[in-house]
């Protein structure tokens, strides 16, 4: 070994490094393999099998013939399924934009107020986050009672303050049902973006803010030019998670308006439509795994593609600003 | 000891040793956790008459039963005996060849059951029976007898009398009907419970034959009547869900509830003091036949691949005897299709009598085999109509058009 002898380096450290590396490698393998197996078994395999199911005709539980893209064509283009799909999809889009404004918008305002340490900030920091900890089942159930047309707190409150004319069966009225659900979702989850934005705000070094304050007196300019760009990573998290959540929306509408998206499809979203198509609505329909799987695959592709593209865009923006 | 007695002793010993090995253990799956005690009693009586057969009752949560059963059957670990649903949900299991076909030779009781009962457990594709139907449900009007007595009302003979009764109850500060439409399937129930007599039995015969569709004026008139009487549903009924409607009636805040006979057990448990009566909603004139809507809940079936087919058939034959039916009716409060069963409960007895003039719960019995099912369509369209967003004609047309996408008789 001329190299080791000429420059006087002992071979031992190298071999020890190798040993350490292989030990480290084993450690990494040990940590990575179990989650990968779990992922493969419970995430990748179901997605792939749903993909496979979507290409077959199903007679109840028995897999029938291979039908190619027939199930996809059915849910996307064949009436009356197509209009149900687009109606549900339209509602998902509406929910997403409404929650972007109400939930994330309010979340940012609340975070900013908490960050500026207005009086009572410590109490509100907890109060705002509290509903996030509650189970969706409880939130849905309680708000369903609040919206009850006869005994509900909302209508009784309206009547008590002389606005009885505004009282309506909130969840049974085609004009208000979806908005009522969006309101409840925002009420329950506004604490999450608040917390994420607050964490982002607290990470801004005070020197930067002091310097900026010397330049401008306007709070708005400060927010627009300094604060908002600096909390871009927090915004990315809130936006992308809300996007995924809005297009996978299921629990809250399921609990509050049922599988059918009552009244007559006015609160129908893709999650509900998928569930009742694939698993059957005991009191109304039959199960069709093929169409259900086709819907699931389409939802997955849509969310995966758009969430990825948007994340890449938002990340790039983080760096640019 | 003679050779004969020796041989006999030997033979009997051999049989004695082999007997435990010949014991036939059957598993029996059900979604009726709450009926366990009664089923175990019924099984005990069966085992006493059929030594060597052991039946083990296992119950699962009702809402996940279909998934559990179908997964087990697909994985070849299903039970020997099982409860199956009726109609479309029944076909999902029977159509996959998981069930043993039954004949009147295997289950003599089937011969005495009515056509609609048998149809609920018959696979349309091969015309074979795969289950012993066990209970029927009746769509009718359940009313609070005390409220009726207090206001001096009588069971209505005509549609106008029904409307007048509802109005009288509402004028007295209560709700005429407790029903709400927020829970979709309630809309289908309401149509059957309130409009069957207006629509008339001939319409249902013709729809089954495929000679008319839902745009028929008789059906549209039924929907119009429903629209009229919804004025006596609670304020904001479009946002009133099923559970709330039940509570309104059970608490005595409403005079009537248009629904299924399955409500009675629930009303009684919620409020044991409730004095209940039932009637079939009348048609336009007192001469119109008073009709209720009827469907069957499900049946008892055997696994096509059971190791003990003869024992399984014996058990199924037992479930179609009046001995079984009597216990099933009186201890579980069910209306059984087994003829000759007498009901101890006055109200159940009355429903049994109303069932003699019945029309099928049509969307479930005939249009829940393909998507969009008649139920999905009717529920949404009635919900929309009662919310004032469409007319009876539009609703009837939308239902017909939806079914016409796959049902040939509606296509011309």
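Placed from the backbone N, Cα and C atoms, the Cβ positions cover glycine too.
In TrEMBL, the transmembrane segment annotation falls on A:180-201 of the listed ranges A:158-179, A:180-201. Between the listed ranges A:72-89, A:126-143, TrEMBL ties the annotation transmembrane segment to A:126-143. Cross-referencing A:263-288, A:289-314 with TrEMBL places the feature transmembrane segment at A:289-314. Of the ranges A:93-114, A:126-143, A:180-201, the one with the most Cβ pairs under 8 Å to the transmembrane segment (A:222-244) is A:180-201.
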